[in-house]
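Annotated features, as they stand in Swiss-Prot:
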- 42: L-glutamate binding site (BINDING)
- 76, 77, 102, 152, 172, 195, 237, 238: pyridoxal 5'-phosphate binding site (BINDING)
- 196: N6-(pyridoxal phosphate)lysine (MOD_RES)
């Protein structure tokens, strides 16, 4: 069977050259006579893999020296707990900006550890926009402020990162890390599950300023303490070695594409193809505030559930798969991460045009 265009929100499409290299090296990595999946994480071979992955991420994101890159497990969802356990150490209070389902889940976990202040929310607008933050991030006595830079389910993103001068800014970048340029120095902590733009499921990346490490409560479990990973080069226990290896290959691929600035321009072009059609369409609509449209996750719908289902079925027959929207939003959603080629988006738009002509 030919490969399809996979618009899944995660686990998501990986670059074909990466998959082909994985296939080539699967049973015999670098002449070792064994697979990465069989290799000791204490071996020099794996040490070079994790070091290269860290160095590539530092290079691609221009990460300052005062930050650690940590390779973790448990997904972004475990970070919802790790963050307050490690950072709620002075005021026992944190600020959260609610912009979607995932930011709400992050807040709910933080409430189990300390006090949470909702700084701003777009929930009344059904998370179709990003709330204004002007003047809301002042001299509050907070241990950190948490945002979600891209809302995978709702299809919104921050256009400008809020300025927080006296409080560490924590960002969930799971669905748009490496898709556009960010100034890492504006953040105290960035985290992301790998399964959208970095690699396969099983790996979580954390980029954390070192002065935020070491403040966890003494009751914090060892495996939930950032210091454990920082002191042990993310090798305190067996890491998700295969996921780290594939992520390294994805980072190499991204560098070959010209880095983050080049992929950002391509992502803008891909998303514009779809948004331009949606803006002109008489059948399909997008629920998102145009100012805050995501480059990565694009929800859209037709006037009826019957048409939505027909669209999805015929799309699948054309090799355009995993377009069903999240159950909380409905309709369709096209996730067009870094690895999605321009021709994949163009084929989707071409099909949408044909479907509209058939259903005038």
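Using the three backbone atoms N, Cα and C, a Cβ is placed for every residue, glycine included.
The structure, with features from Swiss-Prot marked on it.
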residue	record	DSSP (3 states)
42	L-glutamate binding site	coil
76	pyridoxal 5'-phosphate binding site	helix
102	pyridoxal 5'-phosphate binding site	helix
152	pyridoxal 5'-phosphate binding site	coil
172	pyridoxal 5'-phosphate binding site	strand
195	pyridoxal 5'-phosphate binding site	coil
237	pyridoxal 5'-phosphate binding site	coil
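Of the listed recorded positions 42, 196, the Cβ environment within 10 Å is emptiest of other Cβ atoms at 42. The Cβ neighbour count for residue 195 (pyridoxal 5'-phosphate binding site), using a 10 Å radius over every protein chain in view, is 23.
Of all the binding-site residues listed (77, 152, 238), 238 has the fewest other CB atoms within 10 A of its CB. Comparing residue 237 (pyridoxal 5'-phosphate binding site) with residue 42 (L-glutamate binding site), their Cα atoms are 10 Å apart once rounded.
If you compare every pair of Cα atoms in 76, 77, 102, 152, 172, 195, 237, 238, the residues listed for pyridoxal 5'-phosphate, the longest distance is 31 angstrom. When the alpha carbons of residue 172 (pyridoxal 5'-phosphate binding site) and the residue listed as 'L-glutamate binding site' are compared, the span between them is 30 angstrom. Within 10 Å of the Cα of the residue listed as 'L-glutamate binding site', the following binding-site residues from the list 77, 102, 152, 238 place their own Cα: 238. Long-range neighbours of residue 76 (pyridoxal 5'-phosphate binding site) (same chain, six or more residues apart, CB within less than 8 Å of its CB): 102, 172, 174, 191, 192, 193, 204. Look at the binding-site residues 102, 172, 237 and count other Cβ atoms within 10 Å of each Cβ; 237 has the fewest. Across the structure, residue 77 (pyridoxal 5'-phosphate binding site) and residue 196 (N6-(pyridoxal phosphate)lysine) are spaced 14 Å apart at their Cα atoms.
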